[in-house]
Amino acid sequence: MANVVVVGAQWGDEGKGKIVDWLSERADVIARFQGGHNAGHTLVIDGEVFKLHALPSGVVRGGKLSVIGNGVVLDPWHLVKEIATIRDQGVDISPETLMIAENTPLILPIHGELDRAREEAASSGTKIGTTGRGIGPAYEDKVGRRSVRVADLADRATLEAHVDRALQHHDPLRRGLGIDPIDRNALIDALTEIAPQILQYAAPVWKVLNEKRKAGKRILFEGAQGALLDIDFGTYPFVTSSNVIAGQAATGVGLGPNAIDYTLGIVKAYTTRVGEGPFPTELEDADGQRLGERGHEFGTTTGRKRRCGWFDAALVRQTCATSGVTGISLTKLDVLDGFETLKICVGYDLDGTRLDYLPTAADQQARCTPIYEEMPGWSDSTEGARSWADLPAAAIKYVRRVEELIQCPVALLSTSPEREDTILVTDPFAD
């Protein structure tokens, strides 16, 4: 049975939630493998909107096992609230349908406080555009071997020892940033209080998933954010604090690399970005505003307006390579309806030299100007199309040109937020 990884191939917000939900019908297990609740997925099911941040998208589908893997950093208080919200919408969530890896690091209140204080202290031009939810500092503690992990909640003495180790690091940082010292006892009490609500879902996820795989069950790995925010291959330092590319999927749940059979890259038919950092095809004119309005480009997590621009084939070709993308899902094609002319970035000019990739150095990225190829647009609507026959000829040509430029085929084409409005070319779960 095929196992599929879904990754964003741009700067996030590509429409992964809908595609994961669409694919989850074919999967037995849906697993989150990186990130925190700084990324949001919006699902529209039978007209009802579900907004998820920490929970895997599969929770809204009955009969599926949803998993939060060790590659995630988890805010336990946020998770409990999110579970309550989704339950209020009629979704059943129990230890039979949700598992959390025992070795998942926790996001503590001290992480969010540090995150926000750093961003406020940063000078103009050095702000990352973080959501302030503590994801970066939580990953720092993981790498620094001072995390409080899910399993630590089960024993008070162990919990206290891990909290003390973290405070040895955090208290000096807080003094330097002018933040009050941490109330150790209050933090331990808060963790002790929340512990039973988290521990009921705790499990050796690596073992469970290896057994599922041996039994021939289909696993869908759900990525958050996008490959251009990857800590190694993104537009550093304007990136997230985890590996986002497909290779992280196995590591982030405790499976070997041979567990991945198909990598589906989610690609928006234009480009958006939230927060700071380079964006070669950004439009600050009427076309950019039109893309934002038609695409409803506001962040699920923060409500921040997204920056919008033309499709960047050079960047997507790059992310398809670093994630080993087998095929893409092209989303929001309908947002381009009505444009007389469309532009696609095919490369960059850097100080007179043409490049077919975005360079690594931040100063060079900032100096790259896009080289465009123009294509005719279309006036007919593509919204709700469910077959190629429903698409205008110019829209089909646009899709085919995207495939040529990124050197990767379209497996799925999405034409609205509704899960049924999807054109299937290749089933990623096909054996």
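In case you wondered, yes, glycine gets a Cβ from its N, Cα and C as well.
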Candidate sharing the IMP site with Asp13, Glu14, Gly15, Lys16, Asn38, Ala39, Gly40, His41, Thr131, Arg145, Gln225, Arg304 (per Swiss-Prot), from Thr240, Thr322, Thr326: Thr240
His41 (active site, proton donor) as reference: those binding-site residues from Asp13, Lys18, Arg304, Arg306, Leu333 with C-alpha within 10 Å of it: Asp13, Lys18
Of the binding-site residues listed as Gly15, Thr42, Lys305, Thr415, the one whose CA lies nearest the CA of Thr131 (IMP binding site): Lys305
Set of same-chain residues at least 6 away whose C-beta sits under 8 angstroms from Leu333 (GTP binding site): Ala269, Thr382, Ala385, Ala395, Tyr398, Val399, Leu413, Ser414, Thr415
In three-state DSSP terms, the structure that Lys18 (GTP binding site) belongs to: helix
